[in-house]
Amino acid sequence: MTKTHRNGAKSADDAFNRHYAAIWGEERWNESLYPALLQPTRYACLLNRYSPMDNAEKLLEHPEVESKPLELPRRTLNSSDDGLRPNCFVRYTKDGEPADAPFPPPDTSTRILSHWNLDGASVLVASLLNVQPQDNVLDLCAAPGGKSIVLAQRLWPHLHADSSNLKQRVLTEKIRAGNLHSNEADGARQRRLAENLKAYLSKALFDSDQVKTLRVDGSKPNAEYELRVKTPTGTTGYDKVLVDAPCSSERHIIHAHARAAAGGRVADEMASWRPGSSKRLAKTQIDLLMTGVKAANVGATIVYATCSIEPTENDGVVEKVLAQVQKDKKKGIKWCVKVGFNGGEGDAELEGKLEKKWAEKTKYGWIVLPDHPSGGRWGPLFFAVLTKTAI
């Protein structure tokens, strides 16, 4: 590395750290948040309910670590016993500390793959969308597909490999409806998304067109019309929408920078980072969230999420969308958007569990950070829960 490159790398690194220390506080950034972001990402293991779970649980066995169910808080209004076995696990050492031992890759000898490894915060956010059988669900920025697979877990219980109270109820009531549309604008990523979903979900769902992988640029005007669910009588919107938007991904930048520095190189991700980059990204994120809101039915739940620690891309986007909806009301739209669980009324029990085990409150939502006092080491992941309501 030349002296010029070394100076450039140090300048970019210094600017990055100054920027986020100003946001999160110098003491927290230097002593807990940055060191936590620098650590390897911790993974949870989501067992696929469309494959026999006993087989998957055997794959997780490890002589040096213990796998335990990940405790996911549930919406208080929908906390009745559905008889479903836990299907998300995390690893701990014999001393009860979070373990870094990775989960094995899924079993590829079966038609439907056994499990998917992902950040526990991703499972949390997708589960908080509270998908129910018969819902029409949109995952607007879905690649590579992990959150879509989480969303699908409760959508078609009659196709689950194992028995449960929920499966029996759905079979008795002959509930077969529900759609999952997983969208990705980039062609190569959309093809990979389609391959992943076909590897984890029942072939019957693709044959019936209940699972579709779309390729729509959700940031363009009127994209919601291309995304709508087609029915025998026309089109309809969605009951649940996840907008997991492309973002600055600061943890990825930090990891890339550390790897490059260890080899005497400069990471492109750090060298190209600029304090103003978030403003450009936020414009796209606002457009994506507006598309998600417009594609939703009145009464629908929309979850906006990013893996950024930049407020401009998080609360800032939600604030701009709320302001845009207010402007559109003057033009005659018959709906508005409320922020928070249960249509903006809140859910004290759920929020208490979130704060204790997972996340900290922000102006409009929550952010899961790896230095949370619970020691879970998840995230980063910001999310806000919105409800589209009639005026």
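Keep in mind that glycine also has a Cβ here, set from the backbone N, Cα and C atoms.
The shown structure was predicted, so the numbers you read here are calculated from the model rather than taken from an experiment.
Features of the protein shown, as given by TrEMBL:
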| type | residues | note |
| --- | --- | --- |
| ACT_SITE | Cys307 | active site, nucleophile |
| BINDING | Cys141, Ala142, Ala143, Pro144, Gly145, Gly146, Lys147, Glu184, Asp217, Asp244 | S-adenosyl-L-methionine binding site |
| DOMAIN | 119-389 | domain 'SAM-dependent MTase RsmB/NOP-type' |
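There are 14 other Cβ atoms within 10 Å of the Cβ belonging to Asp217 (S-adenosyl-L-methionine binding site). Around Gly145 (S-adenosyl-L-methionine binding site), the same-chain residues six or more apart in sequence whose CB sits under 8 Å from its CB are Ser182, Arg192, Leu193, Asn196, Leu197, Tyr200, listed in sequence order. Lys147 (S-adenosyl-L-methionine binding site) sits 13 Å from the residue listed as 'active site, nucleophile', taking the CA atoms of both as reference points. Once the Cα atoms of Cys141, Ala142, Ala143, Pro144, Gly145, Gly146, Lys147, Glu184, Asp217, Asp244, the listed binders of S-adenosyl-L-methionine, are compared pairwise, the greatest separation found is 20 Å. The Cβ of Ala143 (S-adenosyl-L-methionine binding site) lies under 8 Å from the Cβ of Glu184, Asp186, Arg189, Gln190, Arg192, Leu193, each of these being in the same chain and 6 or more residues away along the sequence. In sequence order, Asn183, Glu184, Ala185, Gly218, Val243, Asp244, Ala245, Pro246, Leu288 are the residues near Cys141 (S-adenosyl-L-methionine binding site), counting only same-chain partners six or more apart with C-beta under 8 A. In the three-state DSSP reading, Lys147 (S-adenosyl-L-methionine binding site) counts as helix. Least crowded of the recorded positions (Lys147, Cys307), judged by neighbouring Cβ atoms within 10 Å of its own Cβ: Cys307. For the domain 'SAM-dependent MTase RsmB/NOP-type' (119-389), the model's average pLDDT works out to 96. Asp217 (S-adenosyl-L-methionine binding site) sits 20 Å from Cys307 (active site, nucleophile), counting Cα to Cα.
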